[in-house]
Amino acid sequence: MQSITIRRPDDWHLHLRDGAMLEGVIADTSRTFARAIIMPNLVPPVVTTSDATAYRDRILKALPAGHHFQPLMTLYLTEHTSPDDVEAGAKSGLITAVKLYPAGATTNSHGGVRDLEKAMPVLERMARIGLPLCVHGEVTTPEVDIFDREAVFIDTVLDPLRKRLPELKVTMEHVTTADGIDYIKAAQSNLAGSITTHHLIINRNAILVGGIRPHYYCLPVAKRENHRLALRAAAVSGDARFFLGTDSAPHVDPLKECACGCAGIYTSINTMSCLAHVFEEEGALDKLEAFASLNGPAWYGLSPNEERITLSRQAEPVVFPAKIETGAGPVTVFDPMFPLHWQVMPQA
């Protein structure tokens, strides 16, 4: 197959940051993707509907001329979040989901939830009104090995929560383990998972073999090869419970290339080329549209995009920049460590 036309994709987990970084990265998303769920872990975080309104306005202001893109806003769940504010934001159409960060789990998550019981009034309201909860599914207790955080989270946090509130709609974001995939598959309802581009491509060797490679470090951290293969199988299966959420997370290089570097991989610019490679490799190009364009909207109760994009297979590798320059500083682009031959063609 030399070309494939699919509905315009969406990104169901995206970090755009703010200020100069937002202005520097947004075009890489809005050029290809029609919508994205925007992560709320700014400094300070997006905790109220008023915060989300202001942030959405900054995103729209930063859009390049001629780009059509809808930011789908989320709220950062805290132990003090107002159920009434959440419901008002959801009913207004502004708020698409609420994000649960266990305190300390990832970038700018120190204000996250430490005692889930204190957030139960919000979660109960969300269950009642049908508003999804997006979870960063890792525990942060120091005695748990970093490679086991997701599996332990499922057993000790997520499964008890879902048994207590079975009507709560939960998205397990950036699933990284076979445990997570199996847990979603076993669920009868109200559970789905997003999968990143990079977790389909790298395992933990990418970070550690031949030297420490900070631009492959992310949270949740990449796992063993058997987990990567489980993610691939889920992504290419066509199962409607799995969809694309890139977790594209820009950090300027000085914050990555240091003694205590930030977690995050920047994939917005080359995600669709990477995905086409993965799905072609798996003999599943016919399932790419479901993963990138159909399953996510169905889960979030939205219509798929009417616009189409075409990916064309080039004889020579498609060249992406090694770095992008932003007003905040340089950001290294994800290198999949293989040549990319699929290119998103300019729209007529």
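Glycine residues also receive a Cβ, built from the backbone N, Cα and C atoms like all the rest.
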Record-annotated substrate site (Swiss-Prot): member among N41, N190, N203 besides H15, L16, R17, H136, L219, H251, A263: N41
Same Zn(2+) 2 site per Swiss-Prot - residue from H67, H68, H174, H198 joining K99, H136: H174
Residue in D239, D247, D253 which Swiss-Prot records at the Zn(2+) 1 site where H13, H15, K99 also bind: D247
Three-state secondary structure, R17 (substrate binding site) (per DSSP): coil
Using Cα positions only, nearest of the binding-site residues to H251 (substrate binding site) (H15, K99, H174): H15
Listed binding-site residues among H15, K99, H174 whose Cα sits within 10 Å of L219 (substrate binding site): H174
For H174 (Zn(2+) 2 binding site), the one of H13, H15, L16, N41, A263 that lies nearest, given that the binding-site residues are compared by Cα: H13
